[in-house]
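What follows is one structure encoded as structure tokens, with my remarks underneath.
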Amino acid sequence: MATLLRSKLSNVATSVSNKSQAKMSGMFARMGFQAATDEEAVGFAHCDDLDLEHRQGLQMDILKSDGGEEGTEPPLEGDIHYQRDGTGPLPPSASKEGGVCSELSGQGKPKITAWEAGWNVTNAIQGMFVLGLPYAILHGGYLGLFLIIFAAVVCCYTGKILIACLYEENEDGEIVRVRDSYVDIANACCAPRFPTLGGRIVNVAQIIELVMTCILYVVVSGNLMYNSFPNLPVSQKSWSIIATAVLLPCAFLKNLKAVSKFSLLCTLAHFVINILVIAYCLSRARDWAWDKVKFYIDVKKFPISIGIIVFSYTSQIFLPSLEGNMQNPKEFHCMMNWTHIAACILKGLFALVAYLTWADETKEVITDNLPSTIRAVVNIFLVAKALLSYPLPFFAAVEVLERSLFQDGNRAFFPNCYGGDGRLKSWGLTLRCALVVFTLLMAIYVPHFALLMGLTGSLTGAGLCFLLPSLFHLKLLWRKLLWHHVFFDVAIFVIGGICSVSGFIHSLEGLIEAFRTNAED
């Protein structure tokens with residue numbers, strides 16, 4: 001009797017908790033915030049079909065509806081979250097080909113409008129790393145401004161052709177969606193000889209970008225705090241260690257449901273910070289140094305600027321998922337046009353105005369140029385944003401790594417890091433903590449925001465935004481392409497390849513030199 005009573009009380013408590021969560025997430029779903037809004041697109045980890053293969057091992061817990069326990073209310077629409085264990089009931093589509101992420105694109109999930117999709121894309125390409133663009137103008141002059149425009153045009157185009165690769169013509173001559181993710185496109189290009197090679201390449205690129213994004217957050221946190229309080233006897237390395245200590249609990253994350261709620265607030269705060277920086281620059285318009293903006297480029301450092309600019313436009317990785325969740329996918333092209341036009345204008349103005357204000361004194365993170373009274377307030381908000389944004393790429397990278405190395409069935413390289421009850425094993429938790437420490441070590445030994453950002457943009461940004469979409473478009477649809485599409489694809493692949501290799505080499509040389517200097521110190 002006592003056991004039965006405890007069971008009933010437990011069920012009631014669970015029911016109350018589920019109702020509360022369902023109402024809250026249902027409210028966010030109706031407001032159009034199905035996807036989290038982090039600037040690196042990793043905030044879309046819950047519905048990013050890139051992780052399709054890796055999420056097939058996860059089971060999606062959808063609160064029980066009318067057929068559930070007696071006395072419970074059906075969940076409001078839009079309440080979906082992941083669980084590692086198998087206690088949650090599977091959605092009907094989870095058993096079908098395509099895995100649980102296909103449910104996210106199905107009819108069971110509320111669709112988003114073109115405006116809501118545009119808001120998500122804007123957050124992805126108007127993020128925190130825009131703060132490094134004035135530094136790119138420092139080494140590129142007017143050519144850097146041209147590159148901001150060129151990168152916007154190319155990324156808009158490659159985003160469209162990437163979505164085109166999701167569709168094929170069926171026997172009836174109708175255009176139908178036959179693929180769901182970037183991984184599916186990559187695997188289709190490598191089939192039949194290497195059916196999984198393309199997906200693995202894309203996932204490796206994503207892991208590198210996610211881990212590097214985590215490192216950048218630690219670097220920028222240490223840099224901002226050090227420049228905000230230069231009189232304190234605390235070095236930049238020490239500030240990075242303090243920031244990592246705050247981030248260490250990320251190793252215990254089971255899902256991003258709580259963390260992702262901060263993404264909208266972080267994005268709004270960042271827009272306010274950008275406005276404050278521009279307002280200060282405009283107040284010094286009389287002192288703008290127009291003569292400092294040249295047509296020449298710094299041959300050694302401008303390739304790094306290319307990577308910085310490209311990295312600020314990376315959004316292709318989640319576009320397949322976003323397009324699949326739109327109410328009217330035909331509006332996708334229009335949405336891409338106005339979001340990238342707006343991003344191009346805002347980025348160009350921000351970079352130019354900031355550079356004109358400080359000219360040759362422009363620093364890697366532009367907020368470091370602000371007066372000390374304003375700088376401390378702005379930088380503290382930016383540090384808070386960086387720390388709140390860190391869990392998103394970290395958790396996404398952990399999921400891909402765990403699924404690839406520890407949970408891939410017979411193909412796994414190592415034993416499963418989860419026990420039979422779904423709990424993370426102690427050595428698995430140790431590996432997560434080691435990943436956090438790794439980001440700290442990289443931030444300590446290479447505390448150069450621009451170099452790391454340029455390296456990431458040249459390596460994974462150019463690959464995912466320029467090279468792979470154009471290559472996949474040619475491979476899958478070359479028989480149906482017009483000559484000018486073929487020309488554009490080949491030109492983007494060649495130019496993107498040259499920029500990628502050049503930026504990577506120069507960024508790597510700069511990092512090696514910085515690493516040696518720090519090691520000697």
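Glycine too: its Cβ is placed from the backbone N, Cα and C atoms.
Features of the protein shown, as given by TrEMBL:
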{"type": "REGION", "residues": "64-98", "note": "region 'Disordered'"}
{"type": "DOMAIN", "residues": "111-507", "note": "domain 'Amino acid transporter transmembrane'"}
{"type": "TRANSMEM", "residues": "143-167", "note": "transmembrane segment"}
{"type": "TRANSMEM", "residues": "207-226", "note": "transmembrane segment"}
{"type": "TRANSMEM", "residues": "262-282", "note": "transmembrane segment"}
{"type": "TRANSMEM", "residues": "302-322", "note": "transmembrane segment"}
{"type": "TRANSMEM", "residues": "334-356", "note": "transmembrane segment"}
{"type": "TRANSMEM", "residues": "376-401", "note": "transmembrane segment"}
{"type": "TRANSMEM", "residues": "429-446", "note": "transmembrane segment"}
{"type": "TRANSMEM", "residues": "452-474", "note": "transmembrane segment"}
{"type": "TRANSMEM", "residues": "486-505", "note": "transmembrane segment"}
Stretch among 143-167, 302-322, 429-446, 452-474, 486-505 sharing the most Cβ pairs under 8 Å with the transmembrane segment (207-226): 452-474
Recorded stretch that, among 143-167, 376-401, 452-474, 486-505, has the most CB pairs under 8 Å to the transmembrane segment (302-322): 452-474
Chain residues in Cβ proximity to the transmembrane segment (452-474) (below 8 Å; excluding those fewer than six residues from its ends, i.e. six or more beyond): 129, 132, 154-155, 158-159, 161-162, 164-165, 182, 185-186, 189, 202, 205-206, 208-209, 212-213, 215-216, 219, 303-317, 442, 446, 481, 485-486, 488-490, 492-493, 495-497, 499-504, 506-508, 510-511
